[in-house]
Amino acid sequence: MTAILERRESTSLWGRFCNWITSTENRLYIGWFGVLMIPTLLTATSVFIIAFIAAPPVDIDGIREPVSGSLLYGNNIISGAIIPTSAAIGLHFYPIWEAASVDEWLYNGGPYELIVLHFLLGVACYMGREWELSFRLGMRPWIAVAYSAPVAAATAVFLIYPIGQGSFSDGMPLGISGTFNFMIVFQAEHNILMHPFHMLGVAGVFGGSLFSAMHGSLVTSSLIRETTENESANEGYRFGQEEETYNIVAAHGYFGRLIFQYASFNNSRSLHFFLAAWPVVGIWFTALGISTMAFNLNGFNFNQSVVDSQGRVINTWADIINRANLGMEVMHERNAHNFPLDLASVEAPSING
């Protein structure tokens with residue numbers, strides 16, 4: 001009998017670190033993208049919590065009229081927000097060391113830029129980490145591709161839109177009421193409800209919710225019975241078991257009779273591809289729509305498109321929406337503008353008869 005002894009090669013500290021970072025045996029996979037993701041998301045989260053609680057008012061419009069957003073300055077969970085960086089800063093990179101003091105940095109909304117840039121870097125790295133773990137496990141890359149939809153949406157409202165409008169002050173505030181304010185002002189200035197890419201996004205989100213509910217209810221309703229009629233069907237299964245617990249043929253037959261034969265899937269892979277692709281493609285289109293409207297390529301304008309034989313306007317829903325848009329635009333940033341852009345750009349009517 002011959003014993004073969006091999007000398008174990010001593011791994012350097014860097015080598016052990018690399019093995020630990022890329023190990024799929026860890027309880028939570030870190031990965032090289034995680035090395036950047038963890039500090040950026042921790043920074044964004046920490047600054048968000050501190051600023052949401054205690055940040056002083058921010059001069060968002062750059063006109064020396066600070067807006068309060070934190071809890072300690074009179075807000076609640078609904079009205080509170082991280083106020084976007086001041087219009088006086090524009091698109092300038094504004095870290096703490098660029099300000100004369102921390103007070104000035106806070107007054108100009110420095111925390112918003114810090115949170116947004118770290119957050120976007122962090123979620124992009126999370127997407128890369130999904131791909132990295134899939135790669136190391138020999139999986140296909142579509143999980144990261146699906147996650148690219150919310151990443152694209154966040155990038156559109158927090159980065160692309162401010163770039164197109166020329167200032168981080170036009171970015172979406174980080175709060176509940178601030179989000180609604182952003183949506184209302186966006187509609188007023190860009191008529192997003194009349195943009196086909198937004199319509200595709202609505203179809204994607206609502207359709208995805210509908211298909212998810214339909215799929216989940218069908219699967220949980222078409223169990224393969226492993227028990228008798230006298231005991232619960234749940235007794236026939238173990239959590240996490242390898243064997244399938246439902247019959248796709250039965251679900252296909254049920255749904256085919258409920259609507260019509262070709263409205264249901266009899267192939268599990270094509271079904272789940274559809275469930276993933278529908279909302280993802282819809283959200284991609286919405287992000288693309290926000291990114292085009294950032295540069296003022298706005299929704300369709302059908303205002304005053306129907307007139308009678310005398311040339312009088314017959315209002316359509318497009319005119320009703322336009323009237324609402326003008327009202328919203330008049331009311332936002334009241335002290336920063338004398339007139340909304342749509343009204344100020346029209347020639348004054350003749351008054352000499």
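These residue numbers are counts, starting from 1, taken along the chain as shown.
Placed from the backbone N, Cα and C atoms, the Cβ positions cover glycine too.
Small disclaimer: the values here were computed from a predicted structure and weren't measured.
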Point to revise | Which range of 87-108, 197-218 is transmembrane segment, per Swiss-Prot | key: 197-218
Point to revise | Given ranges 29-46, 245-262, 317-334, the stretch to which Swiss-Prot attaches the annotation transmembrane segment | key: 29-46
Practice item. Between the Cα atoms of ASP170 ([CaMn4O5] cluster binding site) and TYR161 (site 'Tyrosine radical intermediate'), find the distance and write it as a whole number of Å. Key: 7
Review point. If you measure from the Cα of PHE265 (quinone binding site), which of the binding-site residues HIS215, HIS332, GLU333 is the nearest?
Key: HIS215
Check your understanding: In angstrom units, rounded to an integer, how far apart are the Cα atoms of HIS332 ([CaMn4O5] cluster binding site) and HIS215 (Fe cation binding site)?
Key -> 43
Review point. Counting distance between Cα atoms, which of the binding-site residues HIS198, SER264, HIS272 is nearest GLU333 ([CaMn4O5] cluster binding site)?
Key: HIS198
Study note, to complete from the structure: Around the recorded quinone site (HIS215, SER264, PHE265), other residues with Cβ within 8 Å of the Cβ centre, ordered by sequence, are MET214, LEU218, ILE248, ALA251, HIS252, PHE255, LEU271, PHE274
Review point. Nearest to TYR126 (pheophytin a binding site) in three-dimensional space, by Cα, is which of the binding-site residues HIS118, HIS198, HIS215, SER264, HIS272?
Key: HIS118
